[in-house]
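According to TrEMBL:
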DOMAIN    128-424  domain 'NADH:quinone oxidoreductase/Mrp antiporter transmembrane'
TRANSMEM  12-31  transmembrane segment
TRANSMEM  73-97  transmembrane segment
TRANSMEM  109-128  transmembrane segment
TRANSMEM  134-151  transmembrane segment
TRANSMEM  163-187  transmembrane segment
TRANSMEM  207-233  transmembrane segment
TRANSMEM  245-269  transmembrane segment
TRANSMEM  275-297  transmembrane segment
TRANSMEM  304-325  transmembrane segment
TRANSMEM  373-397  transmembrane segment
TRANSMEM  409-431  transmembrane segment
TRANSMEM  452-473  transmembrane segment
Amino acid sequence: MFVSSEGFLPEFAPGSAEIFIGLSLLMFLVIGAFRGDSYTRTLGYLCIVVALMTVFIISFADKNTGIFFNGLFIRNSFTSFCKITILLTVSCVLWMTLRSLERENMARFEYPLLVLFSALGMLIMVSANDLMSMYLGLELQSFSLYILVALKRDRLIAAEGALKYFILGALASAFILYGSSFLYGLAGSTEFSSLFSVFKDPALTSSPPLVMGILLILGGLAFKLALVPFHMWSPDVYEGSPTPVTVLIATAPKIAAFALFIKLFVHMIGDLNIIWEQAVVILSVLSIALGAFAALFQNNIKRLLSYSAISHMGYALFGLLGKTYEGIGSILVYLVLYIIMTLGCFACLLNLRKNSKTIEKLSDFSGLSRDNPVLALSFAIFLFSLAGIPPFSGFFAKLGVFSIAIKEGYYTLAVFGVIVTVISAAYYLKIIKIMYFEGSLSFDIKNHFDRYVFRETYVVMSIMAFITFFYVLKPSLLSNAAHTAAFALFN
């Protein structure tokens, strides 16, 4: 109906992807209300089909680019790249978690719908060209995630994590709204193009309201990325959430938040750019350092992955220092490869159980190479890649952002990043040591992993491991697409 800009209601064609998801969700809500939780897996598969059909709509059906809906919405190669990444990620998350929900007695029909609702919010964030549409997408994503975190209501740690996430998330939203009010007061408009004209005005670039507005919005977006010092919620939410929810929080929202980050940054020029760069450097250094050193002392695998994510988002910020499409392209490459590695790690975790209990402590990984060598090898590949060890994909991701930092003259920052990368390898290698060298000769039945694994998670794990290992053979496939998308921001 909305697929072609030449067809019926062509004025809605630029938003056909979002409209298609929205209408599908309304239909699925009605089905869920009548069918109940017994229809959870079917609704999940339907949501996957909708997400993949939306990828087709974005990729092939409508090629219109520009600003639409009275300045609220923008569409170009950059937004399409980010949207496709988000939708493919959400499809993988749903595919590999639906069976796990049933095993944990958490199969509620609202789960796949909330995941797709959060994806809809992310798509709106990516295409936002106005402070109001930006905030709408941000809150649609956030409220869906708040509910998902508290999905297992009878678990105290989940309720605690959800409450902390909600309160701090509301504070971050207040930051963004308050910052937006400063910018609206200066520009008299909420549209990004009007705001960017204010950024170019030499008389206003050092204006305290403008600087304060930008910093408040920066702080709100930093919360969504769990950058230090706005990271307090992340470890508790990762640990307290059911693993099917944690994998979503750890992946797709990063792309949406970074897309907003990038769009704001690209149009900062003049004196304000210096302030923005200083803020980015501070956030990057703090996130890399705290994420890496805090992870060294973690015994819970999900808390460790949380601090690892904080550190990785700090590395990704290096690409913003380039102020060119090459720098933005390096960020997109980094984020896509990070998502692939993270999906792989959580696919492994979803398959790991001892005595019908989920794996939580690092010590629980002992003997994995004995009981399931394929899964142990896959997990080791993801950990080596997260550590940035060649020839795995994570090495090329870090090489790209480090190259941008060096090219722009941030030599000290690049050296700091390399040193912390070496230090952070310790906690990844620690897990590998436990998997391969602890408990591998034990014949205690209580120390053995459950044999049954889900086909869906195994498929995702295998695909992600293949990409991570063989990325070195054809890195240009992703790099060219990412740099083409980034180039659209500068034209």
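From the backbone N, Cα and C atoms, a Cβ is placed for every residue, glycine too.
A TrEMBL annotation is a machine prediction, not a hand-curated record.
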Quiz item: Who are the long-range neighbours of the transmembrane segment (275-297) in its own chain, taking Cβ under 8 Å and residues 6 or more past its ends?
Solution: 211, 214-215, 218, 222, 227-229, 231, 235, 265, 268, 304, 307-315, 317-318, 320-321, 410, 413, 416-417, 420, 423-424, 426-427
Quiz item: Taking a Cβ cut-off under 8 Å, which residues six or more beyond the ends of the transmembrane segment (73-97) line up next to it in the same chain?
Solution: 14-15, 17, 44, 47-48, 51-52, 54-55, 58-59, 64-67, 112, 115-116, 118-119, 122-123, 126-129, 133, 192, 243-244, 247-248, 251-252, 255-256, 259, 262, 332, 335-336, 339, 343, 346-347, 350, 454, 456-457, 459-460, 481-482, 484-489
Practice problem: Can you tell me which of 109-128, 134-151, 163-187 gets the most C-beta pairs within less than 8 Å of the transmembrane segment (207-233)? | Solution: 163-187
Self-check item: the transmembrane segment (245-269) vs the transmembrane segment (163-187): 3 or more CB pairs under 8 Å
Solution: no
Quiz item: Going through 109-128, 163-187, 304-325, 452-473 one by one, which has the most CB pairs that fall under 8 Å from the transmembrane segment (409-431)?
Solution: 304-325
